[in-house]
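J.: Pasting the relevant annotations from Swiss-Prot:
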MOTIF     14-24  motif ''HIGH' region'
BINDING   Cys145, Cys148, Cys158, Cys161  Zn(2+) binding site
MOTIF     331-335  motif ''KMSKS' region'
BINDING   Lys334  ATP binding site
DOMAIN    577-679  domain 'tRNA-binding'
Amino acid sequence: MSEPRQILVTSALPYANGSIHLGHMLEYIQTDMWVRFQKMRGNQCIYVCADDAHGSAIMLRAEKEGITPEQLIANVQAEHSSDFADFLVDFDNFHSTHSEENRELSSLIYTRLREAGHIATRSVTQYFDPEKGMFLADRFIKGTCPKCAAEDQYGDNCEKCGATYAPTELKNPKSAISGATPVLRDSQHFFFKLPDFQAMLQQWTRSGTLQDAVANKLAEWLDSGLQEWDISRDAPYFGFEIPGEPGKYFYVWLDAPIGYMASFKNLCARRPELDFDAFWNEGSKAELYHFIGKDIVNFHALFWPAMLEGAGFRKPTAVNVHGYLTVNGAKMSKSRGTFIKARTYLDHLQPEYLRYYYAAKLGRGVDDLDLNLEDFVQKVNSDLVGKVVNIASRCAGFIHKGNEGVMVSGDAAPELTEAFLTAAPSIAEAYEARDFGRAMREIMALADRANAWIADKAPWSLAKQEGKQDEVQAICAQGINLFRQLVIFLKPVLPVLAADAEAFLNVAPLTWSDHLSRLENHKLNPFKALMSRIEPAKVEAMVAASKEDLLATQAKAPAGNGELTKDPLSAEIEFDTFAAVDLRVALIVKAEAVAGADKLLQLTLDIGDERRNVFSGIKSAYPDPSKLEGRLTMMVANLKPRKMRFGVSEGMVMAAGPGGEEIYLLSPDSGAKPGQRIK
């Protein structure tokens, strides 16, 4: 038998500035399932994580709440820890980036990079808020777009026309924090020389460490040439001061991934059998896996391995990237009640329902996963209650009534036993490859065969016949053994169901290799219901509660903090001015990302008798543009065509929202037809 593997696993660090929601849980649940599988196989698999606890956003929120940043992150960490535990995410350690271990490791890595010549310094001109006494990041500056004159745009890009620009190009800039007019000031900044690692990264990203789609995307960055990365921020800032540089702090994205190392080091201090150097030093034989969302690939697959290489540490074995979560086919929405916090879900439903549904839909790619709430109810009820638990509930009673709870020996269905044994390696292979959906399909196919066999034998009918009791016991003992096999296969996904089944089966905690054995002449404990069906009313209540969360948040907001306050009405115009704008219904025929543009989608629009090509800065809200195809929207059809770097834009689609992920493409009511005028 091969030696147990040494594996260290991480999930992306949740930001200590808000609650965990079901989109976050998609990552932590899949990581936890993979870790549980490895532990069941007898491998030494350590799962660490931490709260990402630094940055201006945390500093400003703490100030707003009248508490220290330390108090804020402690409160959030307690909330996060509770949510993870109740979702059965079993970290070996959940730490914080605001820790001594992280301070020491961040300083060490920076010092090594500096001594190796990988740190540069130069003066940077930035906007400075004279009222707050702080430099402003791009997202803390708002003003008028220098290209299209749209108001209330961020300091790095226009959400209306898609233009990108430097903050200094913004017209009428204002601090988003204080409302003051910022002034330009120079500041000395520190840069990590990422281009020094171009050759290494080109090889490493193509070495099997990433999914092909991710490696292909990173190739665009690599082919265009890497840029030096600004790793410093000026005081005031909540984070770690750069060694020997008073008033200069590490940018949050420098010390955040180092938080993986820090969390593990914190665990090593409490677990003497763990050796930090054996996992992190160059040449380590241990395996290191990061599970992350596709929005932070650049940090984990370019900056992070380059930092590790430059500082003399090992690089990840693989970075496993997943897509986003949608609910009912659309982005999570607070107004629709589909922006569901982890705690709101837990207040209404069992965590294993969602764990199973995620597992059933997760593949090894980076596609988005849709939580369709109707399908969620149907699938969990059908698969877990109607198939898996049904086997035990069908058979247990006959064994207790007819043989005092003792399973007879013998194999009543050798061909079925062999089918389960034969399937085990394939299921294990699917788990290992993170192809959880395939694993669940294969497991449920076995459950279908077991149920069909029991239904064909009909022990409930035989029990009524004279002299058939031995046959009944043989059938039901076989059924319980098949149920036990299914529990073993599902244990990484459903740890509570497995623990309850182990109690009923009267066995020690099941390991993966236990699928090779059977229970013979074995005493069972009394059967208790292992899982109840999802009641649709509870799902509806969860959605309603999520809407109430939004209303409660709005109720807490001070008067005058609504959308009109943030974005006041424009000056009145004459009707003729409005009438000059030709608004039309448009059918989105094709939607695709624009290569080399971070914000833009290219839309092909049908407006009845002709088609238009339109570039729109809505990519952040619609990461899978193909889902827009076939949808009706509204456009400005008589806007003068505008030549852009990527082509000519022949109009503008209509959308609402402040920007970023909160952009909502407008749609006409059903029945509208492409080309119809909007009046």
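Glycine is no exception: its Cβ is also placed from the backbone N, Cα and C atoms.
Map the listed features onto the structure and describe their local environment.
T.: This prediction places the mean pLDDT of the motif ''HIGH' region' (14-24) at 97.
According to DSSP, Cys145 (Zn(2+) binding site) sits in a coil region rather than a helix or strand.
Beyond the ends of the motif ''KMSKS' region' (331-335), by six or more residues, the same chain brings 21-23, 325, 546-547, 549-550, 621-622, 661 to within a C-beta distance below 8 angstroms of the stretch.
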J.: Within 10 angstroms of the C-beta of Cys148 (Zn(2+) binding site), what count of other C-beta atoms is obtained when all protein chains are considered?
T.: 14
J.: Tell me the Cβ neighbour count for Lys334 (ATP binding site), meaning other Cβ atoms within 10 Å of its Cβ, over all protein chains shown.
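T.: If we count other Cβ atoms within 10 Å of Lys334 (ATP binding site), we arrive at 16.
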J.: Excluding the flanking five residues on each side, which residues at least 6 beyond the ends of the motif ''HIGH' region' (14-24) place their CB within less than 8 Å of a CB in that stretch?
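T.: Those are 49, 51-53, 55, 57-58, 61, 72-73, 76-77, 79-80, 83-84, 96, 324-325, 327, 332, 339-343, 345, 354, 371, in sequence order.
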J.: Do me a favour and check the Cα-Cα span between Cys161 (Zn(2+) binding site) and Lys334 (ATP binding site); whole Å is fine.
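T.: About 26 Å separate the Cα atoms of these two residues.
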J.: Could you measure between Lys334 (ATP binding site) and Cys158 (Zn(2+) binding site) for me? Cα positions, answer in whole angstrom.
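T.: So the alpha carbons of Lys334 (ATP binding site) and Cys158 (Zn(2+) binding site) sit roughly 24 Å from each other.
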J.: Inside 10 Å of the Cβ of Cys161 (Zn(2+) binding site), count up the other Cβ atoms and send me the figure.
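T.: By my count, 21.
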J.: Give me the DSSP three-state residue breakdown of the domain 'tRNA-binding' (577-679), ordered helix, strand, coil.
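T.: Looking at the domain 'tRNA-binding' (577-679) with DSSP, the answer is 7 helix, 46 strand, 50 coil.
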